[in-house]
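Have a look at the structure below, then the notes.
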Amino acid sequence: MSKIKTAFFCQNCGYETAKWTGKCPSCNQWNTFVEEKVQKDVPLRQQEWKTDSPKAPKVVNLDAVEGLEERRWLTPDAELNRVLGGGIVAGSLVLVGGEPGIGKSTLFLQNALLLKGIKTLYISGEESEQQIKMRADRLKIRNDQFYLLTETSTQVIFQEIKKLEPQLVIIDSIQTLQSPLIESAPGSVSQIRETAAEMQRFAKETNTPVFLIGHITKDGSIAGPKILEHMVDTVLQFEGDQHYAYRILRTIKNRFGSTAELGIYEMSGEGLRQVSNPSEILISQRDDLLSGVAIASTIEGLRPMLVEVQALVTQSVYGTPQRTATGFDLRRLQMLLAVLEKRGGFHFGVKDVFLNIAGGIRVEDPSIDLAVLCALLSSYEDTGVSHKYCFAGEVGLSGEIRAVNRVEQRIAEAEKLGFDKIFISKYHKKGLDFSKLNIEVVPLGRVEEVYRFLF
Ligand code: TYD
Ligand code: MG
């Protein structure tokens, strides 16, 4: 009998070596290598997905390739269409990552049930048929073209697929799949790679879209969907704070559209609800003036969104002041504090600083800088900023307020929501006409000027 081949895989990034090593040469993590049996003693590639008539590969001239019109299905879920770049593309392989319990199964069960007239196969290795039925009952959606398979072996899955010939396949989750070609346990790097590769071949050969759901943990300690990112067409990330109802579906990679897209949902008792106007829910409505609060006019994807920034600046009790940021990059907060210290003469060095983006969302748009800065100043001075003001500007290291993209759209959103003033950079391109607006546009050049306008 021939020897079973094994290899060592980094459980963090999927790097493969023949010998055990303490530190991964690829991602620099320690103690992440685990030995996995790579192949069973079966003739190679015997049991995987195969079509009946394999096409012989040949060189073609690009002009001679028939331009197949990209087939897309629009789902009833506008947020999902948006992150996919305009609907589900035929033959695409989409990976959806997210922490356990965030709502991935709910989202895709709900969408599959909503897609009427499309034969969908939902393959679950995590829940029983009864559990999925209970969930579907809770969602109160019925669909007679929805099929369920609770199975983890890809061999059995492909047999069933051949019988059913579904038009859409959803796999929940990739970590539970098992290929008979690989001996290691489900969820290991070699299994994830092999099963995803089989799904990829299936998707491309039959032109069926396949969604792979995958778990990731905060520290990325288990072999996660990270190792698959280069193999799939689209990577979506479902995120949000479990303690808040809001969930964000972000595009990380997309071969068929922009990666700056974002879908917003609210988890309710009856599944996920689309949020089409996020600004109204992200800003808390109140009448009294509070210190440490400022509103930013941000753009996530193509959509303007007003978010509330909250800061708390207090006297530090310990020698080393604390800095905590939720929903905002901590290093960016430290940079803004350093700018305020150096350019504005504020002594944040002896203060604890806490920063929070309301609603449990995470903002990456740098235009939020100015609002963060104002929230910090407001808490430092313990004086409220009028809640009729909003901000859109990036702050540079030398204390200049930098121009941001699509400022007209940000101003329009602020105007629509009834703000009186919006503070932007004075370095925007000339020729923008703000005179006809119902909102006052205040251009700022430097951090030092901000204080004068605020209080
Ligand atoms: P789930 O989709 O199982 O998460 P994942 O597949 O990402 O692990 O859903 C997780 C949470 O969603 C669970 O705690 C219950 C909650 N939930 C609702 O609040 N409302 C609903 O209608 C459903 C179906 C789930
Ligand atoms: Mg699940």
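A Cβ is built for glycine as well, from the same backbone N, Cα and C atoms used for every other residue.
As given in TrEMBL:
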- Gly98, Glu99, Pro100, Gly101, Ile102, Gly103, Lys104, Ser105: ATP binding site (BINDING)
- 69-216: domain 'RecA family profile 1' (DOMAIN)
- 352-455: region 'Lon-protease-like' (REGION)
- 253-257: motif 'RadA KNRFG motif' (MOTIF)
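Taken in sequence order, the binding-site residues Gly98, Glu99, Pro100, Gly101, Ile102, Gly103 that lie near ligand 2, meaning a CB under 6 Å from one of its atoms, form an empty set. Confidence across the domain 'RecA family profile 1' (69-216), taken as the mean pLDDT and rounded to a whole number, stands at 91. In the three-state DSSP scheme, Lys104 (ATP binding site) is classed as helix. In this structure, Ile102, Ser105 are the binding-site residues from Glu99, Ile102, Ser105 whose C-beta falls under 6 Å of some atom of ligand 1. Of the binding-site residues Gly98, Gly101, Gly103, Gly98 has the largest number of other Cβ atoms within 10 Å of its own Cβ.
The number of other Cβ atoms within 10 Å of the Cβ belonging to Ile102 (ATP binding site), over all protein chains shown, comes to 21. Mapped onto DSSP helix, strand and coil, the region 'Lon-protease-like' (352-455) counts 37 helix, 27 strand, 40 coil.
Long-range C-beta contacts of Lys104 (ATP binding site), restricted to its own chain and to partners at least six residues apart, with a cutoff below 8 Å, comprise Val96, Gly98, Asp172, Ser173, Ile213, Phe238.
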